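Before any comments, here is the structure.
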Amino acid sequence: MHCFLGREILSFFCLTVRKMWLKFILAILLLHAAAGKEPEPQYVLMVPAVLQSDSPSQVCLQFFNLNQTISVRVVLEYDTINTTIFEKNTTTSNGLQCLNFMIPPVTSVSLAFISFTAKGTTFDLKERRSVMIWNMESFVFVQTDKPIYKPGQSVMFRVVALDFNFKPVQEMYPLIAVQDPQNNRIFQWQNVTSEINIVQIEFPLTEEPILGNYKIIVTKKSGERTSHSFLVEEYVLPKFDVTVTAPGSLTVMDSELTVKICAVYTYGQPVEGKVQLSVCRDFDSYGRCKKSPVCQSFTKDLDTDGCLSHILSSKVFELNRIGYKRNLDVKAIVTEKEQVCNLTATQSISITQVMSSLQFENVDHHYRRGIPYFGQIKLVDKDNSPISNKVIQLFVNNKNTHNFTTDINGIAPFSIDTSKIFDPELSLKALYKTSDQCHSEGWIEPSYPDASLSVQRLYSWTSSFVRIEPLWKDMSCGQKRMITVYYILNTEGYEHINIVNFYYVGMAKGKIVLTGEIKVNIQADQNGTFMIPLVVNEKMAPALRLLVYMLHPAKELVADSVRFSIEKCFKNKVQLQFSEKQMLTTSNVSLVIEAAANSFCAVRAVDKSMLLLKSETELSAETIYNLHPIQDLQGYIFNGLNLEDDPQDPCVSSDDIFHKGLYYRPLTSGLGPDVYQFLRDMGMKFFTNSKIRQPTVCTRETVRPPSYFLNAGFTASTHHVKLSAEVAREERGKRHILETIREFFPETWIWDIILINSTGKASVSYTIPDTITEWKASAFCVEELAGFGMSVPATLTAFQPFFVDLTLPYSIIHGEDFLVRANVFNYLNHCIKINVLLLESLDYQAKLISPEDDGCVCAKIRKSYVWNIFPKGTGDVLFSITAETNDDEACEEEALRNIRIDYRDTQIRALLVEPEGIRREETQNFLICMKDDVISQDVAIDLPTNVVEGSPRPSFSVVGDIMGTAIQNVHQLLQMPFGNGEQNMVLFAPNIYVLDYLDKTRQLSEDVKSKTIGYLVSGYQKQLSYKHPDGSYSTFGIRDKEGNTWLTAFVYKSFAEASRFIYIDDNVQAQTLIWLATKQKTDGCFQSTGILVNNAMKGGVENELSLSAYITIALLEAGHSMSHTVIRNAFYCLETASEKNITDIYTQALVAYAFCLAGKAEICESFLRELQKSAKEVDGSKYWEQNQRSAPEKSHLLDHVQSTDVEITSYVLLALLYKPNRSQEDLTKASAIVQWIIRQQNSYGGFASMQDTVVALQALAAYGAATYNSVTQNVIKINSKNTFEKVFTVNNENRLLLQQTPLPQVPGKYSLTVNGTGCVLIQTALRYNIHLPEGAFGFSLSVQTSNASCPRDQPGKFDIVLISSYTGKRSSSNMVIIDVKMLSGFVPVKSSLDQLIDDHTVMQVEYKKNHVLLYLGNILQKRRKEVTFSVEQDFVVTHPKPAPVQIYDYYETEEYAVAEYMSLCRGVVEEMG
């Protein structure tokens, strides 16, 4: 060896030789030293790196070559406390021994240490390593009955807590809350627990909630939170599902593509209809350059199987051309035959230049010299589909080793003999085809990428290796497998040893779950294989890390570890199935559940359509396991804590090490291709004095383990119920009729908790709903010992092989006729003779148009029947249609002569027939109070002019309580829209007064309480949708620029009063109060902000005094004391103003009530005296009015007092009732006021508008509580000269019952007699329609129609153009409503309504009961307002009548205008009739 050159000949030796000699000499010296003393034994101590707090764990210990008595001690050091885990004397090597020990409880993530000592006569072994103690809390999951809800539906959900062994925990949840999309808390339940370990809760959604994602938040005692989201949207369940099947990708060389569209009903039958298909490729657009996409489109009928397959040429799309987007967009629109309903499905097809791809699979990243290296190469196409029978070239270190051919799965297995490979690294490359290196500008060339893999040689000091053969597929629970282990051992130290012990240890979820020992005879050969038997169980899920090791006499630990994926399973085995796979709707089916005895099983079954509408992350084994904080512990970094210990072995120089014929390069970091890496991957700490690491370089640059706590970095793999194609045939000569009447269509069918008996089985019978669909059921179960378990989904197809479907519009106008269509579906596998009958009725005349007679319907076909319907009267009209099979032989099918089953299906639907014109109402109210007396009175009901014939509906009612009518109608006090933040409060606030009044008078029943609280809950949810982020409220919420001071105060005080009955978020209230306080000026008065579209709410006066009085009242009614800073300053404002002359009556009434409510007697009395001067009296009653109207100013459409007058009068009444030292004389004065207020009530207990209803009911409730008499006994009789007589009895038991009767004639004169004691509230109501009146008051309105499209074979469509302006006496109107009644058979196009909001043309749009309601803000005097939207026909009405349009001031309804419009498609429709 030439180790010197030139002038360096003076060196004694070159550096390499010198180092070799030094190492040799050192080895000789060490050998002599070792001969002088007994060799120390080898040991292995194993403990999980993460110990789970307050639970048992395991430690495993082994000694090898032990030949003297030693004292062994293992200690857990934590928080200055040492806990002895293991302490004993031992003299022999007894193999691997494991024992349990208890981990102390901790409150947080804690660092601890395990110390090991072993003392003998000639040696003293010590090691100390870090571990982590993890505070393992229970984890919580939430399940809702559905993933999506409609407004007004109830949400049902469950909460379950499990420990880390998946056993149920009886948690007490301090708080379970529901948040809306704006993070407002709308429901909460405190200190919730359940003895069965399943909490089940239900709550309602308001009819008009905030749409979007809601959260259920569950808080545990520790403060840890779990959340679950669900969606609230307006939706219609899809009747069928549309799927597009197309290749996921195309290559630039593909010449065609096949697209298949299928439409299938949810009950599994094909859809009959047509499909519009378009396939498009877009250009890449740069700057302002926009090009239309290249498309192929067509429309075709679906085949009888509901599918359509079509082959398209790809030539037009120029797949290999640059300048286009690299995808095709497929869109399919399927429309049912003779229906408007359609569904759309889309798919994107990517375009790739990659013709094929190679990938190495099932390979190891290390090779062990002497053990064959196995692997697979997979060849796939652009869709990842296998390419078979192709030759793959494999290069090892850039040399072609062999050619391999792919099998039918596209896989080519390979093996490499490593016995003669010495390289520290192998470079593997797989090649299929070589890509063409020729490129043309503007064109995309195909490519065939190769695959590369780098494999490192595993380090072993003795060149001994163990390799566990991996399994690349998940193992299922209960499965028995034999695991193959390869080994090769260096013969050094085995001269006299024939049997070698191999040990194996399994880790899962951070615990030792498996240990064992295999004895192998190595006498014949030091390399070979052995098998480890493995029985998979739930303890090993979701991943088992298996370590196989042996202790080599040359003081090396030879090992390998591998990760096996295990099916996510549970100890509690749950099975769920329906007794049948298919059954008729409305029949009974059994749901059979099997689980561990005494389990409680939570079952859910939902309509498959729900899951089509919104796919959800179903509760599954996957989702439950994902909640476990330690699914698969790998490595030494957990939850930000680094548990890496310093290497025990001394470092070496940076020169390559030559040992046993191999060169090794020392590591420059602590991690390398060695056994330590396998041990580390187990997530276990290993204490050993055997070699496990590749040597590490001694340099300052050596990468040391980071500090224990990390701010970032990778973490250790943790994650926090008899149906077939036909019904079975009965014996010959016996005929059965299977009849169904369908009316129950839920979305969630089953939501139950079922107890499993001691046999481990339960069977529950359910009635299948009427929905023809597939039901998906699932169950999870909990039991204290068996723990948690869950079933795979079970399905039931609820189906009718024969049924009829009737389609009706929502309503029509009296005098119109329309076409009704019934479709009869036959899903039997043979033709049948049918009879279809529309039940005769006195309410309509029906004329069959087609077909001319009944006939046969063949298999998988439907038949349509059409009648022309002529309604005779008004009101709800019921249509009952029955379809039945009859006389099968008439269809000339010989094989069916012996069938003895008939089918009959009936469907009942209702249609509203409305009178023409506009609905109106007049009432007469009488509050009669007496004591043992008789009162008689004549009552006349006159008929107004311009009444639509047949529309008047007079009635008479009586109730024994001043609040009785309002209590019965608290949800419908006004027959007006409620689509904004002001109007919603009329649905909310009166419930508070009703509850408070009934509570004070001890009349509150559970039924009334439940109903009114339900309304409060709903109103609370809805009102939050009008809240701004700063805590204020406005009419249309965030659509308004800022919150409104007046409305915010109203909401604040109402929520405060409601908090006695329902949950109100304190944080919401606190934020609102802060906002109100910021609006107070230095003089104590409040500034007005925001636009309030109700001038009446402000008494028509734009001044800060009325606002300040109102806010002061609100804060006092909210429960704040006079010492509150805001209130104290507010009264400074009011007292200063009271020293001046306040002339406005509305402001006087407000200020009077404020001072009376605050107990300021002198000022209160002063204002009441002043108000008395302006009081009006009529028929013994007293009231106040804002401005006296002259006769010409009064509306021809309505005849009631101004709502402001009711409001003022009510405030005066409240002032009287709350004045300090109230006297009997005050109550007498109050009774006269009450008489006048009562006379203004409508038939539902409300008044003319919003604020007058709220304040008047508050005042009436206060008066009723102050004058309540518990004794009521009255007999009321009403009669007429035409033999009509009706007698009512009112007593203490039924005083809140609203008793009603229709009156026989109008116009008419009636006599009324009241006899007894107590008060009764009597009312006559006349509801009627009027023809559109001429003229207008306050508004102008015109309606135009345009852009009509009226084809014969498709639904008609046109635009409605509304042009209006305000012409009243004020500078602007209040909020305006335009009520557009839909023409019979037409519906609005939703997208056009949405556009009105998006363009800020209107503030709100509602579509209810065939009316489009458009909300406009204040309209300025004579300012033109134009609104346009589209309507389309969804039903054929053959002789349609005009539809009315009304515009009116919501708060001053006497200001109005009316108009009407007709369909531009009328001529075409009338020809069809």
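In case you wondered, yes, glycine gets a Cβ from its N, Cα and C as well.
Residues annotated as signal peptide in Swiss-Prot, with experimental evidence given as evidence: 1-36.
According to Swiss-Prot, the feature N-linked glycosylation site maps to Asn67 (among others). In the three-state DSSP scheme, Asn67 (N-linked glycosylation site) is classed as coil.
According to Swiss-Prot, the feature N-linked glycosylation site maps to Asn82 (among others). Other Cβ atoms within 10 Å of the Cβ of Asn82 (N-linked glycosylation site), summed over all protein chains shown, number 11.
Per Swiss-Prot, N-linked glycosylation site is recorded for Asn89 (among others), and the stated evidence type is sequence analysis. A 10 Å cutoff on Cβ-Cβ distances gives Asn89 (N-linked glycosylation site) a total of 9 other Cβ atoms nearby, all chains included.
Cβ neighbours within 10 Å of Asn191 (N-linked glycosylation site), excluding its own Cβ and spanning all shown chains: 9. The annotation N-linked glycosylation site is assigned in Swiss-Prot to Asn191 (among others) on the grounds of sequence analysis.
All chains included, 15 other C-beta atoms sit within 10 angstroms of the C-beta of Asn342 (N-linked glycosylation site). Marked as N-linked glycosylation site by Swiss-Prot on the basis of sequence analysis: Asn342 (among others).
Among the features that Swiss-Prot reports, N-linked glycosylation site is placed at Asn403 (among others). Neighbours of Asn403 (N-linked glycosylation site), defined as other CB atoms within 10 A of its CB across all chains, total 11.
Swiss-Prot lists Asn527 (among others) with the feature N-linked glycosylation site, giving sequence analysis as the kind of evidence. DSSP assigns Asn527 (N-linked glycosylation site) to a strand. Asn527 (N-linked glycosylation site) is surrounded by 14 other CB atoms, counting those within 10 A of its CB over all protein chains shown.
In sequence order, Ala597, Asn598 are the residues near Asn757 (N-linked glycosylation site), counting only same-chain partners six or more apart with C-beta under 8 A. Under the DSSP three-state reduction, Asn757 (N-linked glycosylation site) is assigned to coil, being neither helix nor strand. The N-linked glycosylation site annotation in Swiss-Prot covers Asn757 (among others).
With a 10 A radius on its CB, Asn1141 (N-linked glycosylation site) counts 7 other CB atoms from all the protein chains. Under DSSP, Asn1141 (N-linked glycosylation site) is assigned to coil, being neither helix nor strand in the three-state scheme. Here Swiss-Prot flags Asn1141 (among others) as N-linked glycosylation site, drawing on sequence analysis.
Counted within 10 Å of its Cβ, the other Cβ atoms near Asn1221 (N-linked glycosylation site) come to 9, all protein chains included. Sequence annotations record features per position, and here Swiss-Prot assigns N-linked glycosylation site to Asn1221 (among others).
Here Swiss-Prot flags Asn1315 (among others) as N-linked glycosylation site. Asn1315 (N-linked glycosylation site) carries a strand DSSP state (E or B). Counting every protein chain shown, 15 other Cβ atoms lie within 10 Å of the Cβ of Asn1315 (N-linked glycosylation site).
Mapped onto three states, the DSSP output places Asn1347 (N-linked glycosylation site) in strand. Among the features that Swiss-Prot reports, N-linked glycosylation site is placed at Asn1347 (among others), with the record citing sequence analysis.
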Neighbourhood of Asn1347 (N-linked glycosylation site), C-beta criterion under 8 angstroms, separation at least six: Phe1358, Asp1359, Ser1430
Three-state secondary structure, Asn342 (N-linked glycosylation site) (per DSSP): strand
Helix, strand or coil at Asn82 (N-linked glycosylation site) [DSSP, three-state]: strand
Residue among glycosylation sites Asn191, Asn527, Asn1315 with Cα closest to the Cα of Asn403 (N-linked glycosylation site): Asn527
Length of the line joining the Cα atoms of Asn342 (N-linked glycosylation site) and Asn82 (N-linked glycosylation site), in Å: 73
When distances run from the Cα of Asn1221 (N-linked glycosylation site) to each of the glycosylation sites Asn67, Asn82, Asn89, the nearest one: Asn82
Pairwise CA distance, Asn1315 (N-linked glycosylation site) versus Asn1141 (N-linked glycosylation site), rounded so that it is a whole Å: 49
Residue from Asn82, Asn89, Asn191, Asn527, Asn1141 whose C-alpha is spatially nearest that of Asn67 (N-linked glycosylation site), among the glycosylation sites: Asn89
All-chain count of other Cβ atoms within 10 Å of Asn67 (N-linked glycosylation site): 13
Distance [Cα-Cα, Å, rounded] between Asn527 (N-linked glycosylation site) and Asn82 (N-linked glycosylation site): 45
Cα-Cα distance linking Asn82 (N-linked glycosylation site) and Asn89 (N-linked glycosylation site), given in Å to the nearest integer: 20
Local backbone state of Asn1221 (N-linked glycosylation site), from DSSP in three classes: coil
